Amino acid sequence: MQETHVGIIMGSQSDWSTMKEAALMLDDLGVGYEARIVSAHRTPDRLWDYGKSAVSRGLKVIIAGAGGAAHLPGMMASKTRLPVIGVPVQTRALSGVDSLYSIVQMPRGFPVATMAIGSAGAANAGLMAAGILALQDPALAQRLDAWRAALSASIPEEPQDD
Ligand code: RP5
(Lines of atoms letter the chains of each structure in order from A; the text may use other names.)
(Lines give C-alpha, C1' and ligand atoms only; values in the text may rest on other atoms or scores of the structure.)
Protein backbone atom coordinates (compact mmCIF):
# COMPACT_ATOMS: atom_id res chain seq x y z
CA MET A 1 0.00 0.00 0.00
CA GLN A 2 1.19 3.55 -0.78
CA GLU A 3 2.36 5.60 2.17
CA THR A 4 0.59 8.93 2.65
CA HIS A 5 3.23 11.61 2.20
CA VAL A 6 1.12 14.52 0.98
CA GLY A 7 -1.71 16.21 2.81
CA ILE A 8 -4.14 18.08 0.57
CA ILE A 9 -6.18 20.42 2.72
CA MET A 10 -8.80 22.98 1.73
CA GLY A 11 -11.01 25.49 3.43
CA SER A 12 -14.33 24.23 2.12
CA GLN A 13 -16.09 21.50 0.18
CA SER A 14 -16.47 24.15 -2.54
CA ASP A 15 -12.67 24.14 -3.02
CA TRP A 16 -12.58 20.44 -3.90
CA SER A 17 -13.33 20.86 -7.62
CA THR A 18 -10.13 22.93 -7.82
CA MET A 19 -8.02 20.93 -5.37
CA LYS A 20 -8.97 17.69 -7.08
CA GLU A 21 -6.49 18.71 -9.79
CA ALA A 22 -3.67 18.27 -7.29
CA ALA A 23 -5.06 14.89 -6.28
CA LEU A 24 -5.37 13.72 -9.90
CA MET A 25 -1.76 14.72 -10.54
CA LEU A 26 -0.58 12.76 -7.52
CA ASP A 27 -2.65 9.78 -8.71
CA ASP A 28 -0.91 9.99 -12.10
CA LEU A 29 2.49 10.03 -10.46
CA GLY A 30 1.77 7.28 -7.94
CA VAL A 31 2.12 9.49 -4.85
CA GLY A 32 0.07 8.67 -1.76
CA TYR A 33 -2.03 11.48 -0.32
CA GLU A 34 -4.99 12.28 1.87
CA ALA A 35 -7.56 15.03 1.28
CA ARG A 36 -9.22 16.86 4.17
CA ILE A 37 -11.42 19.93 4.75
CA VAL A 38 -9.59 22.07 7.28
CA SER A 39 -10.85 25.64 7.58
CA ALA A 40 -8.80 28.37 9.24
CA HIS A 41 -11.99 30.20 10.18
CA ARG A 42 -14.63 27.53 10.61
CA THR A 43 -12.56 24.72 12.14
CA PRO A 44 -9.53 26.36 13.78
CA ASP A 45 -9.05 23.47 16.24
CA ARG A 46 -8.92 21.02 13.33
CA LEU A 47 -6.27 23.20 11.67
CA TRP A 48 -4.27 23.26 14.90
CA ASP A 49 -4.42 19.48 15.36
CA TYR A 50 -3.59 18.81 11.72
CA GLY A 51 -0.51 21.05 11.82
CA LYS A 52 0.62 19.70 15.17
CA SER A 53 0.47 16.04 14.12
CA ALA A 54 1.57 16.38 10.47
CA VAL A 55 5.25 15.45 10.98
CA SER A 56 4.59 12.61 13.41
CA ARG A 57 1.97 11.14 11.06
CA GLY A 58 4.59 10.90 8.32
CA LEU A 59 3.42 13.69 6.03
CA LYS A 60 6.26 15.34 4.09
CA VAL A 61 4.48 18.08 2.13
CA ILE A 62 1.19 19.91 2.61
CA ILE A 63 -0.83 21.41 -0.24
CA ALA A 64 -3.29 23.96 1.10
CA GLY A 65 -5.99 25.58 -1.01
CA ALA A 66 -8.38 28.32 0.03
CA GLY A 67 -10.32 31.21 -1.41
CA GLY A 68 -11.15 34.76 -0.37
CA ALA A 69 -9.62 35.59 3.01
CA ALA A 70 -7.40 32.58 2.44
CA HIS A 71 -5.59 32.18 5.75
CA LEU A 72 -5.31 28.39 5.70
CA PRO A 73 -1.92 27.99 3.94
CA GLY A 74 -0.24 30.66 6.05
CA MET A 75 -1.67 29.41 9.32
CA MET A 76 -0.59 25.88 8.46
CA ALA A 77 2.91 27.15 7.64
CA SER A 78 3.01 28.77 11.08
CA LYS A 79 2.13 25.46 12.73
CA THR A 80 4.42 23.00 10.93
CA ARG A 81 7.90 23.10 9.47
CA LEU A 82 6.79 20.91 6.55
CA PRO A 83 6.83 22.68 3.18
CA VAL A 84 3.41 24.21 2.54
CA ILE A 85 2.32 24.79 -1.05
CA GLY A 86 -0.51 27.31 -1.29
CA VAL A 87 -3.21 27.28 -3.95
CA PRO A 88 -5.33 30.43 -4.35
CA VAL A 89 -8.83 29.25 -5.22
CA GLN A 90 -10.64 31.38 -7.81
CA THR A 91 -13.43 33.35 -6.15
CA ARG A 92 -16.51 34.85 -7.77
CA ALA A 93 -16.28 38.31 -6.19
CA LEU A 94 -12.62 39.08 -6.96
CA SER A 95 -11.58 36.25 -9.32
CA GLY A 96 -9.05 34.84 -6.87
CA VAL A 97 -6.83 37.92 -6.65
CA ASP A 98 -8.02 38.18 -3.04
CA SER A 99 -6.96 34.55 -2.44
CA LEU A 100 -3.59 35.13 -4.13
CA TYR A 101 -2.78 38.22 -2.09
CA SER A 102 -3.90 36.51 1.12
CA ILE A 103 -1.58 33.57 0.50
CA VAL A 104 1.47 35.08 -1.13
CA GLN A 105 2.34 37.92 1.25
CA MET A 106 3.75 35.92 4.15
CA PRO A 107 5.98 37.63 6.68
CA ARG A 108 9.64 36.65 6.82
CA GLY A 109 10.13 33.33 8.59
CA PHE A 110 6.98 31.46 7.55
CA PRO A 111 7.05 30.78 3.81
CA VAL A 112 4.25 29.45 1.66
CA ALA A 113 5.18 28.33 -1.88
CA THR A 114 2.32 30.05 -3.70
CA MET A 115 1.00 28.66 -6.98
CA ALA A 116 -1.11 30.29 -9.69
CA ILE A 117 -4.82 30.98 -9.13
CA GLY A 118 -7.21 28.10 -9.77
CA SER A 119 -6.93 24.67 -11.33
CA ALA A 120 -3.54 25.20 -13.03
CA GLY A 121 -2.17 26.19 -9.64
CA ALA A 122 -3.64 23.10 -8.03
CA ALA A 123 -2.20 20.80 -10.71
CA ASN A 124 1.17 22.50 -10.35
CA ALA A 125 0.97 22.06 -6.59
CA GLY A 126 0.74 18.31 -7.20
CA LEU A 127 3.78 18.47 -9.47
CA MET A 128 5.69 20.60 -6.96
CA ALA A 129 4.93 18.16 -4.14
CA ALA A 130 6.07 15.27 -6.33
CA GLY A 131 9.27 17.16 -7.19
CA ILE A 132 10.04 17.63 -3.49
CA LEU A 133 9.40 13.97 -2.70
CA ALA A 134 11.41 12.87 -5.76
CA LEU A 135 14.57 14.31 -4.16
CA GLN A 136 14.53 11.25 -1.86
CA ASP A 137 12.73 8.78 -4.13
CA PRO A 138 14.52 7.72 -7.35
CA ALA A 139 11.54 5.73 -8.67
CA LEU A 140 9.28 8.76 -8.32
CA ALA A 141 11.97 10.94 -9.95
CA GLN A 142 11.85 8.60 -12.97
CA ARG A 143 8.05 8.78 -13.14
CA LEU A 144 8.17 12.57 -12.92
CA ASP A 145 10.80 12.77 -15.66
CA ALA A 146 8.64 10.51 -17.85
CA TRP A 147 5.55 12.65 -17.16
CA ARG A 148 7.42 15.80 -18.17
CA ALA A 149 8.83 14.18 -21.30
CA ALA A 150 5.35 13.00 -22.33
CA LEU A 151 3.97 16.51 -21.90
CA SER A 152 6.75 17.95 -24.05
CA ALA A 153 6.19 15.28 -26.70
CA SER A 154 2.47 16.12 -26.85
CA ILE A 155 3.11 19.71 -27.96
CA PRO A 156 3.00 20.01 -31.77
CA GLU A 157 5.67 22.07 -33.49
CA GLU A 158 3.20 23.81 -35.80
CA PRO A 159 -0.19 25.32 -34.92
CA GLN A 160 -3.27 23.75 -36.52
CA ASP A 161 -6.45 25.45 -37.73
CA ASP A 162 -9.40 24.88 -35.36
C1 RP5 B 1 -12.86 29.85 2.14
O2 RP5 B 1 -14.04 30.46 1.78
C3 RP5 B 1 -12.84 28.56 1.42
O4 RP5 B 1 -11.52 28.17 1.18
C5 RP5 B 1 -13.62 28.82 0.16
O6 RP5 B 1 -12.78 29.03 -0.95
C7 RP5 B 1 -14.37 30.09 0.48
C8 RP5 B 1 -15.88 29.94 0.34
O9 RP5 B 1 -16.30 28.84 1.11
P10 RP5 B 1 -17.81 28.34 1.04
O11 RP5 B 1 -18.67 29.49 1.48
O12 RP5 B 1 -18.07 27.94 -0.41
O13 RP5 B 1 -17.90 27.15 1.96
O14 RP5 B 1 -12.75 29.65 3.52
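Just so it is clear, glycine is given a Cβ too, placed from its N, Cα and C backbone atoms.
Remember, it's a predicted structure, so these values are computed and weren't measured experimentally.
The DSSP secondary structure for S12 (substrate binding site) is coil. The Cβ neighbour count for S12 (substrate binding site), using a 10 Å radius over every protein chain in view, is 18. The substrate binding site annotation in TrEMBL covers S12, D15, R42.
Look at TrEMBL and you will find 4-155 tagged as domain 'PurE'. In the predicted model, the domain 'PurE' (4-155) has a mean pLDDT of 98.
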*asked:* Name them in sequence order: residues not among S12, D15, R42 whose Cβ is within 8 Å of the mean position of the Cβ atoms defining the substrate site.
replied: M10, G11, Q13, S14, I37, S39, A66, G67
*Determine the Cβ neighbour count for D15 (substrate binding site): the number of other Cβ atoms within 10 Å of its Cβ.*
25
*So which of S12, D15, R42, listed as binding-site residues, have a Cβ under 6 Å from an atom of ligand 1?*
S12, D15
